[in-house]
Amino acid sequence: MNRKDREQIDHCCESIVSKIDLTKLLPKLLENKVYNRDDVNIPRWSKNLGAQSTVKDVLLTIKTRGPNAFQNLILSLRQSNHEDVADILEKQNNASNNIKQENPLDHHIFSDEFFSEPLIIEVCKATKFLDCEYDLIERYPMRSKPRGLVLIITNIYYELSYEKPRLSAKHDNNNLKKLFEEMGFTVVIYLNLTGQAMKDIIKEFSKRDDLNKVDSCFVIITSHGMEDEESNTEIQGIDYHIASRQANYEKVLCTEVCDYFTAEACPQLAEKPKIFIFQLCRGKKKQNGVIHSRITTDSCAMKSTNETNIEIPRIQTIRNYSDMLIVQSTLPGYVSYRDSKTGSWFIQILCKMFMKHAHKNHVQDLFNMIDAELKNLRTTNHECQTSSVQSLGFNKHCYLNPGLFMES
């Protein structure tokens with residue numbers, strides 16, 4: 001451990017000892033290899049985990065545990081709900097060392113009042129159900145209480161110090177939680193997961209019995225990401241850079257996330273709307289704004305002269321991949337931008353549009369509205385971003401009817 005990190009532990013030790021619950025922290029210190037399970041100190045510490053003298057000894061001994069021990073201590077603190085302690089340890093360290101900063105892909109935006117401060121969530125509630133009458137396009141039933149289940153995975157802190165933390169993603173996480181809770185959903189949140197942990201959590205979530213009782217499901221993941229060698233979008237767990245050189249690293253693709261929710265894998269959600277939202281980079285390319293003149297073309301639609309009568313058999317099965325909407329914050333191969341103070345462009349606009357317009361617009365229109373606002377944003381280098389929405393048999397309109405239930 002470098003000298004500044006050791007000094008930081010010494011400087012803060014007395015003030016943070018009383019804030020630490022070792023019954024929660026010690027398992028994470030073992031999991032993150034700060035201490036080995038056969039460490040000679042473990043039996044002695046385990047006899048009195050509640051004593052402040054034990055907590056102090058654990059903290060001071062960390063100074064002897066190698067070059068990555070400080071960052072793994074911070075990670076362990078955040079994973080064990082000691083965010084305030086981690087903030088204290090990092091605050092002075094950042095000021096003196098200046099090693100923890102936002103991802104260099106994150107740029108401040110200019111000339112846009114929407115991002116001047118974090119969004120305040122205030123949902124416009126529905127006054128009537130919009131999931132019943134329809135003309136040509138059917139509508140998904142959306143009346144259950146809760147309206148649906150929402151899984152949110154937010155990766156902020158990564159295990160290597162040179163993989164910069166996504167600090168402003170805290171705003172995205174908090175805004176999404178409040179948004180969906182105000183709309184009447186049950187929200188489940190996980191922070192800072194490894195690749196294997198992400199797969200385990202998503203699979204476990206897809207098996208929940210209470211999915212039978214709700215009308216919809218959202219899976220939202222905000223994280224670092226990249227494009228792999230086969231042009232698939234990969235979600236980077238917090239162990240990505242360390243474990244990618246190890247045989248046991250668990251790679252996580254966006255397509256694999258959706259696979260857990262097919263009709264076969266998750267029959268509880270068969271024929272119900274399943275919406276996947278990924279806020280992450282999908283490559284390293286940056287899209288620049290283009291100066292253009294508006295060009296139109298007049299052409300007539302051509303009617304095929306080779307029309308064939310097709311007999312439609314009576315359907316006795318349902319499609320495995322259906323009723324899925326897959327939303328990406330950016331295009332394949334491109335970066336996704338995040339304001340270093342207020343959160344990601346895409347999630348902020350999503351929260352804004354959902355809270356203001358979900359009471360009268362269906363989900364597909366909401367995502368069109370999101371991209372219509374996203375197109376106006378630029379970094380200080382005139383870089384921009386385009387979202388992507390893919391429909392897999394999502395052929396009905398989905399009105400969320402936020403905050404409205406049968407008894408109300």
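Each Cβ is built from the backbone N, Cα and C atoms, and glycine gets one as well.
Annotated domain 'CARD' per TrEMBL: 1-92, in sequence order. Mapped onto DSSP classes, the domain 'CARD' (1-92) shows 66 helix, 0 strand, 26 coil.
Confidence for the domain 'Caspase family p20' (146-285), expressed as mean pLDDT, is 91. According to TrEMBL, the feature domain 'Caspase family p20' maps to 146-285.
Residues annotated as active site in TrEMBL: H224 (among others).
DSSP assigns C281 (active site) to coil, not to a helix or a strand. For C281 (among others), the entry in TrEMBL reads active site.
The domain 'Caspase family p10' feature in TrEMBL is assigned to 314-402. For the domain 'Caspase family p10' (314-402), the DSSP-based tally of helix, strand and coil residues reads 25 helix, 19 strand, 45 coil.
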Cβ atoms near C281 (active site) (within 10 Å, other residues, all chains): 24
H224 (active site): tally of other CB atoms within 10 A of its CB: 24
Separation of alpha carbons, C281 (active site) and H224 (active site) (Å): 6
